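Checked TrEMBL, it gives:
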{"type": "DOMAIN", "residues": "88-339", "note": "domain 'G-protein coupled receptors family 1 profile'"}
{"type": "TRANSMEM", "residues": "72-95", "note": "transmembrane segment"}
{"type": "TRANSMEM", "residues": "107-125", "note": "transmembrane segment"}
{"type": "TRANSMEM", "residues": "145-167", "note": "transmembrane segment"}
{"type": "TRANSMEM", "residues": "187-211", "note": "transmembrane segment"}
{"type": "TRANSMEM", "residues": "247-272", "note": "transmembrane segment"}
{"type": "TRANSMEM", "residues": "284-307", "note": "transmembrane segment"}
{"type": "TRANSMEM", "residues": "319-341", "note": "transmembrane segment"}
Amino acid sequence: MNSRKVSGQVKLNSGKVLSKTQVSFCVIDSQIGNSLQRDQTRSTMYASIRNHSSYPVSFILLGIPGLENSQFWIAFPLCAMYVVAIIGNTTVLHIIRIDHTLHEPMYLFLAMLAITDLVLSSSTQPKMLAILWFHAHETEYHACLIQVFFIHAFSSVESGVLMAMALDRYVAICFPLRHSSVLTPAVVGKLGAAVMMRALLLVSPFCIMVSRMPFCPNQIIPQPYCEHMAVLKLVCADTRVNRAYGLFGAFSVVGFDMIVISVSYVMILRTVLGLPSGEAQLKAFGTCASHICVILAFYIPALFTFLTHRFGHHVPGAVHIMFANLYLLVPPMLNPIIYGVRTKQIRNRVIQGCCWKDP
């Protein structure tokens, strides 16, 4: 508004003359308009921040990118493996429960392993099969975080149970006369509780941290289940603390357990090689063979999945996802088969059940 002052009045370039009162009202009106515009801009900005920072309603799980045309058929072997895992681990639990002669440390740890395998496989496979067969790609936000917790917590539990089983083999072979007095059922229960508590204490913090982070508009997870690193890639904030804590948790669990397992087997090897009889050596190695097979079946896919998530940027996505599925499905399927075939008591019970014979 161009103007010039004339004897207490303001004359506009258009020729219109305004009094001081009218000028004051114009100034006030202009200030109010500017203030309202600023408030509206500020409200829009705050609303944008709130919408950006709030957690999404759901995520979209793509399944196996790159193999979309084959997903329907890939689901059949995955389903068969899952069914074998459920039947096998349930059978092992039932046999250990009804046969009181199997209420020994080795079989109690095996029961813990079977329960862990049931939870670990069931936390991913039903949803995965729904995605591959029925295109049920959407998963709720809280369901996704719960799946993250179960996958990582029970992976930690499985690693801890394998470590406890290595300790059991160490005591049984190196100190056979003290085995029953050292590893009592109470001690076995305390070891199981400690393994579970460790998983809760390590996994809960990064699940809580992720739940407090702002998420980007992109809500697509390029795999068939939710896990920590996949969800973290959708966060619109600095995730270095979360990533560092995830690395710390993984290396502290796997590193500690692998050290204990390695030391246990070094001591076992020294003891076995010191036995005078070759037959005794073979028998001692035979008691450890099942456990070694289970360790390899669990740790090799787990380490591959962990390393490719962080460093294997050139590994094809389909290869990574298939290995991740094997890591969550192959050990639960193989464990009851390995122990069922190599453990005489369990094998005999299964044969008796199949032949409808009383023990």
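First residue shown is number 1, and so on along the chain.
Glycine residues also receive a Cβ, built from the backbone N, Cα and C atoms like all the rest.
Are these features on the surface or tucked inside, and what touches them?
Note on the domain 'G-protein coupled receptors family 1 profile' (88-339): mean pLDDT across this stretch is 91.
Here the transmembrane segment (72-95) has Cβ contacts under 8 Å with residues 64, 102, 110-111, 114-115, 117-118, 121-122, 125, 128-129, 132-133, 325, 329-330, 332-333, 335-337, 339-340, 346, 349-350 of the same chain, all six or more residues outside its ends.
Counting same-chain residues at least six beyond the ends of the transmembrane segment (187-211), those with a Cβ under 8 angstroms from any Cβ of the stretch are 55, 105, 108-109, 112, 145, 148-149, 152-154, 156-157, 160-161, 163-164, 167, 228, 231-232, 235, 241-242, 245-246, 249, 252-253.
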Which residues of the chain, 6 or more past the ends of the transmembrane segment (107-125), have a CB below 8 A from one of its CBs?
78-79, 82, 85-86, 89-90, 92-93, 96-97, 147, 150-151, 154-155, 157-158, 161-162, 164-165, 168, 185, 188, 192, 195, 224-225, 294, 325, 328-329, 331-333, 335-336, 339, 345
Please indicate, using numbers and ranges, the residues of the same chain that are 6 or more beyond the transmembrane segment (247-272) and have a C-beta under 8 Å from a C-beta there.
152, 156, 159-160, 162-163, 166-167, 169-170, 173-174, 198, 202-203, 206, 281, 284-285, 288, 292, 295, 299, 302-303, 306, 310
